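A short worksheet on the structure shown next.
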């Protein structure tokens with residue numbers, strides 16, 4: 001018998017329809033982008049009728065990155081398969097192709113092989129699929145899929161636990177070229193460089209991918225995306241000026257590691273890349289976030305006998321930002337499925353690399369610190385105890401204060417479907433002071449072979465603040481020392497004020513007094529605070545006769561003037577609240593579908609004290625629908641001031 005082959009004139013990848021059904025239409029119509037475990041349809045236009053052909057992506061069968069399969073009566077949703085669809089027009093064959101929900105993500109070539117005669121049909125990109133029950137990243141809730149996979153803008157929370165503010169951010173995972181950059185990040189990770197075949201095969205596993213991203217978003221051990229910097233920003237962009245991930249990723253793709261990032265920037269970029277690849281992801285802020293340098297689950301604040309701080313390697317950040325990604329954990333057991341914490345900010349090494357996670361939220365909440373990855377470090381960030389110790393002249397340390405509830409407060413993420421803050425502290429730990437929370441802490445300490453230290457009752461020292469602490473103004477702060485003992489105590493009181501960064505790094509002094517009341521003047525703090533606008537207040541009460549030390553500490557964030565944005569005209573104003581002029585002023589605006597994927601910066605002249613900075617931005621929306629216009633104001637003395645406005649574009 002004479003065997004006929006398909007005489008293929010051309011292949012229609014049916015991009016618009018396929019991308020729509022796979023929730024990838026926001027990537028555009030230039031290429032076929034589908035999600036794994038879900039069928040897509042291509043149309044072969046023929047010059048003549050034929051049969052018997054095989055379809056398969058390349059290149060390697062043994063690694064699970066090449067699949068060969070024959071045309072059959074129906075597709076199978078658990079493996080690669082293809083079937084012809086009836087009622088196709090003459091001289092066409094419509095083929096439904098289904099991928100395995102466990103396939104590696106990436107760019108595939110589609111080829112028809114007719115007994116050695118191969119014809120290329122084109123390429124497609126395969127992503128993780130939160131809509132597929134067989135995929136490890138499957139999410140049941142459609143509103144959550146819309147938020148954690150498809151939403152292109154969000155809120156990142158910063159400040160202190162007493163004053164939480166939302167910072168708008170453009171994730172922009174569907175902007176032109178971003179997906180290719182995200183795949184490039186995977187291709188430049190050291191594991192791919194050392195063994196490309198093994199690395200590509202492992203990309204079937206979102207646990208592996210999220211751990212690679214945790215390492216590659218920072219540039220500490222590789223040519224990752226962002227270089228971290230907390231002190232000197234010469235030669236780069238101050239972290240507070242970024243308002244979207246797209247600009248950062250494009251700069252990295254063009255010229256390598258981008259300067260500079262801090263925790264919220266690392267986390268925001270990690271969220272963009274995760275969502276672009278199809279992994280549901282949220283940005284999480286932990287207020288009072290502990291950095292446990294010696295892994296004993298205790299933050300030890302050390303002082304000498306004069307009340308001066310000694311570096312212990314431990315610290316408490318006013319806030320710290322990371323990401324949670326949604327996936328199953330077959331390596332740990334189904335009870336550990338769900339949200340997994342990863343932290344791309346370079347702090348400590350894990351397996352010799354600056355990365356952290358993914359660690360199951362359940363393992364953190366239950367104190368199961370033997371579960372990988374990096375559970376002890378993340379547990380300490382949200383639930384470490386704090387102890388204050390004085391080093392005596394004989395070298396011994398004496399505890400004089402402590403806290404079991406100051407770490408891990410108001411853990412926050414953007415709410416699903418709104419710009420409201422969602423407090424998710426309960427997902428990370430039991431209520432502070434509850435029996436369950438203390439039991440978990442004891443279990444965690446047992447896992448780390450520790451013994452809990454008791455608390456010392458006595459005098460209580462607190463710091464109180466003035467209202468309306470606007471940057472540029474002078475204001476009072478004062479200490480209150482309460483004696484709950486039966487006998488009198490005579491103490492010396494010292495009051496310190498220092499500029500501080502959000503990660504707990506102390507700067508220069510901006511005030512000292514031995515009185516219970518001090519006035520912080522702009523003349524003293526204006527030149528030493530940074531764009532975080534944070535000042536750390538420390539009060540120390542000392543009774544040297546009884547070796548009795550008491551400490552109160554509070555970090556304050558100064559209010560910033562508000563950016564006012566007028567819709568339609570995009571006119572922006574900001575009042576200079578400082579008693580001195582602002583120089584090098586600029587407004588930067590960016591919005592998905594509004595500014596062509598790029599920030600627009602308008603520079604203006606110097607703005608006098610108590611005067612308004614004014615600017616307007618013209619932009620042409622590229623698509624209809626709802627979006628968000630983000631605005632950042634920058635100057636030599638007022639920095640890191642952001643606002644946003646919702647925009648609805650109609651045609």
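Including glycine, each Cβ sits where the backbone N, Cα and C put it.
Curation does not apply to TrEMBL; its annotations are automatic.
Annotation comment: TrEMBL describes 255-346 as domain 'Transglutaminase-like'. A mean pLDDT of 93 is what the model gives for the domain 'Transglutaminase-like' (255-346).
Feature annotation from TrEMBL assigns active site to 263 (among others). Cβ contacts within 10 Å of residue 263 (active site), excluding its own Cβ and spanning all protein chains shown: 27.
Its own atom aside, the Cβ of residue 320 (active site) has 26 Cβ atoms within 10 angstroms in the protein chains shown. Taken from TrEMBL, the feature active site covers 320 (among others).
The active site annotation in TrEMBL covers 343 (among others).
What TrEMBL lists as Ca(2+) binding site is 383, 385, 432, 437.
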Legend entry - Candidate recorded positions 343, 385, 432, pick with smallest Cα gap to residue 263 (active site): 343
Inset, instruction - Please report the number of other Cβ atoms within 10 Å of the Cβ of residue 385 (Ca(2+) binding site). - result: 23
Legend entry - Listed in sequence order, residues with CB under 8 A of residue 437 (Ca(2+) binding site) and six or more positions away: 383, 429, 430, 431
Legend entry - Between residue 320 (active site) and residue 385 (Ca(2+) binding site): CA-CA distance (Å): 17
Inset, instruction - Would you pick out, from the recorded positions 343, 432, the residue whose Cβ has the largest number of other Cβ atoms within 10 Å? - result: 343
Legend entry - residue 320 (active site) versus residue 343 (active site) - Cα distance in angstrom: 10
